[in-house]
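Since the structure comes first, as structure tokens, the remarks are kept for the end.
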Amino acid sequence: MLKKDMNIADYDPQLFAAIEDETRRQEEHIELIASENYCSPRVIEAQGTQLTNKYAEGYPGKRYYGGCEHVDIVEELAISRAKELFGATYANVQPHSGSQANAAVFMALLQGGDTVLGMSLAHGGHLTHGSHVSFSGKLYNAVQYGIDETTGQIDYAEVERLAVEHKPKMIIAGFSAYSGIIDWGKFREIADKVGAYLFVDMAHVAGLVAAGIYPNPMPHAHVVTTTTHKTLAGPRGGLILSSINDEDIYKKLNSAVFPGGQGGPLMHVIAAKAVAFKEALDPEFTTYQEQVVVNAKAMARTFIERGYNVVSGGTDNHLFLLDLISKDITGKDADAALGNANITVNKNSVPNDPRSPFVTSGLRIGSPAITRRGFGEEESVQLTHWMCDVLDDISDLAVSERVKGQVLELCAKFPVYG
């Protein structure tokens, strides 16, 4: 018999302790991983509802199970809000992740062995953009473009040259570690020149796009995907969008998600997506995203003032790469040193990195999470100075301890969930 007062703390104290420790870590550590954020209590509430009990294979009005009349409403809300948010005429809210959304696009538009052109992982792309360790590089003929070593920006001339030479069936625009603004229109021009689909993965900038402070790829791309966390600050999940008004492609995309790549959708997560999309339609969300960019720019500028090398010389979005080659510090060691001071980052390869991806020569730094907990430009600059203090001599444990104390004070002033 199930009772409403059942809880994890009494039944599984070992698991409960781990959950409590992670909750404490999030409150007492400053989060600078660009792909992480804090979702609202409303999003968390949706994921903990009885919707998790319901199997709903298929799509609203076309389910393979009975009893779906209420979850149909949930999914339709998520779909309509996603369309409104991004100016789309098609939305599939069922992908469990961004990678699964991307896999569905490949399955819908390509045949195995077809040529795709995407950004190299080493230059800021994503695993699913053609990396040899991913399905995108194993099942398809992947050609990779990069950035201009001098400017740190995408080399559109190289993209066009590679497209003309290799005649890809699909060109991928998007990134996981790129601080510039992508010219979606230029990518579409190149795609049209060689008769390719343009597929945009805007996972990292979807929140900025929704707020209208980063160019919307929807008018240019055949298909757009995103995660629903990161800058969107929703639950972990994926989303596929389009505005080309091609019902044949829409059907192929739906079939590629279900039954092509997934079975039953996670209705409790789809409910959380619906909540997050509604939150993103609120004017306050635009204010938040504007501050995200202000904070990222302030941090990049401060690192440069302290003598550190920022790839491309700054940022125009929510993230930037810190190149530590000239400091003779590995990304792995920098990550660990900052972690000891309760500052969470992730090691990241920089362009033409001489070190392995398991060590790296850089850090990827993002501002969505710190902005979500209330940090402004002043706090962002102060935080950057603390980080530089640690990185100036990562062996100085006294500095790490001092910074840790300052971090704890700042976190107490700006709780994640106040």
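Using N, Cα and C of the backbone, Cβ positions are placed for all residues, glycine too.
If you look up Swiss-Prot, you'll see LEU121, GLY125, HIS126, LEU127, SER356, PRO357, PHE358 marked as (6S)-5,6,7,8-tetrahydrofolate binding site. Annotation source Swiss-Prot lists N6-(pyridoxal phosphate)lysine at LYS230, citing sequence analysis. Residues annotated as site 'Plays an important role in substrate specificity' in Swiss-Prot, with sequence analysis given as evidence: HIS229.
Between the C-alpha atoms of SER356 ((6S)-5,6,7,8-tetrahydrofolate binding site) and the residue listed as 'N6-(pyridoxal phosphate)lysine', the distance comes to 26 Å. For the (6S)-5,6,7,8-tetrahydrofolate site, whose binding residues are given in the record as LEU121, GLY125, HIS126, LEU127, SER356, PRO357, PHE358, the maximum C-alpha distance rounds to 17 Å. Taking CA atoms as the reference points, LEU127 ((6S)-5,6,7,8-tetrahydrofolate binding site) and the residue listed as 'N6-(pyridoxal phosphate)lysine' are 17 Å apart. The most densely surrounded of the recorded positions HIS126, HIS229 is HIS229 (count of other Cβ atoms within 10 A of its Cβ).
Within the same chain, residues at least six positions away from PHE358 ((6S)-5,6,7,8-tetrahydrofolate binding site) with a Cβ under 8 Å of its Cβ are LYS332. Summary for the binding-site residues GLY125, PRO357: the Cβ-based neighbour count within 10 Å is maximal at GLY125. Here LEU121 ((6S)-5,6,7,8-tetrahydrofolate binding site) comes close to LEU127, HIS129, SER131, SER176, SER349: these same-chain residues lie at least six apart in sequence, with C-beta atoms under 8 angstroms from its C-beta.
Look at HIS229 (site 'Plays an important role in substrate specificity'): DSSP puts it in coil. A helical conformation is recorded for LEU127 ((6S)-5,6,7,8-tetrahydrofolate binding site) in the three-state DSSP classification. When the alpha carbons of HIS229 (site 'Plays an important role in substrate specificity') and HIS126 ((6S)-5,6,7,8-tetrahydrofolate binding site) are compared, the span between them is 16 angstrom. Comparing HIS126 ((6S)-5,6,7,8-tetrahydrofolate binding site) with the residue listed as 'N6-(pyridoxal phosphate)lysine', their Cα atoms are 14 Å apart once rounded.
Rounded to a whole number, the distance between the Cα atoms of LYS230 (N6-(pyridoxal phosphate)lysine) and GLY125 ((6S)-5,6,7,8-tetrahydrofolate binding site) is 16 Å. Take the CB of SER356 ((6S)-5,6,7,8-tetrahydrofolate binding site) and look out to 10 A: across all protein chains shown you find 11 other CB atoms.
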